[in-house]
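> Handing you a structure now.
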Amino acid sequence: MSNKVQMDNDFMQMQKPFALFAKWLEEATVSEINDPNAMALATVDETGLPNVRMVLLKDFSSRGFVFYTNYESCKGQEILKSMKASLVFHWKSLRRQIRIRGIVEKVSTQEADVYFQSRPRGSRIGAWASKQSQPLENRFVLEKAIAQYTARYAVGNIPRPPYWSGFRVKPLSIEFWCDRPFRLHDRLLFTRDSVEQVDWQRQKLYP
C-alpha cells in the first residue's frame, strides 16, 4: 500500500467529525488552488424543487457551518421557509468530498455585524446596492445604485443592511468520502438524531 493511500485511509479510524473536517480543510487550504472554503449549498423551493449554488464557508465549530447572504435572495428565502439545507465540499486536488445535512439557524446580530465589518468596503457597498436574485434591467442600474451608496457612505462606517446576515447549518449527518482505485472509495458517515446531541453514531459505508 502506498504512503498516500495509507495516509488517506487513516481517516476511517477517526471518531470526531469536526476534528476530521478541520484536518481536511487545513489540507485543502494548502493543496486547493481556488477557494478551498467553497461549498455547494442545496435548498428546496416551496414545491420541493431543489436549488444549488456555490457559497463560501466563513466559520465553523462544533455548533455548525456558517455562511453569509442576503436574506431576501432566493437561497435566503428558501432557507427561511424550511430551515434545512445540505452542503458539499469537493476538493479535486485531494480527491475528497464531504457531505453535510442539517437544520439551519440564523447567526446572532453580533456575529453578523462583526463579519460584515471585516468585508472589503466595496463588498459592503454592494450589499446595499444589489437587490440579490431580483430582475435587473441592465448593468447601468446596478452601477448607478453602487455610485449612490458609495456617495451616501463616503465617510465613516458602513452599517450592515437589516436583510443581510448569516446562517449556521447545524449538522445531523456528515459524510467523508475519499477516492480509491476502481471506484472502491472510502466512505465514513457520522449521524445523530438531534443537533443537541454531543455524541455521534459512526459507520463505514459501501462505495
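Glycine too: its Cβ is placed from the backbone N, Cα and C atoms.
Given the structure is predicted, the values throughout are model-derived calculations rather than measurements.
Sharing the record's features from Swiss-Prot:
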BINDING   R53, M54, V55, L56, L57, K58, Y68, T69, K75, Q97, Q132, S133, W177, R187  FMN binding site
BINDING   K58, Y115, R119, S123, R183, L184, H185  substrate binding site
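Quick one: where do these features end up spatially?
Cβ neighbours within 10 Å of Q132 (FMN binding site), excluding its own Cβ and spanning all shown chains: 16.
Cβ neighbour count for S123 (substrate binding site) (all protein chains, 10 Å cutoff from its Cβ): 11. In the three-state DSSP assignment, the secondary structure recorded for S123 (substrate binding site) is helix.
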> Identify, among the binding-site residues R119, R183, the residue whose Cβ has the fewest other Cβ atoms within 10 Å in this structure.
R183
> Where does R183 (substrate binding site) sit by DSSP, helix, strand or coil?
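Looking at the DSSP assignment, R183 (substrate binding site) belongs to a helix.
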> Taking the Cβ of each of the binding-site residues and counting other Cβ atoms inside 10 Å, which one has the highest number: K58, K75, H185?
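By the 10 Å Cβ neighbour count, K75 comes out on top.
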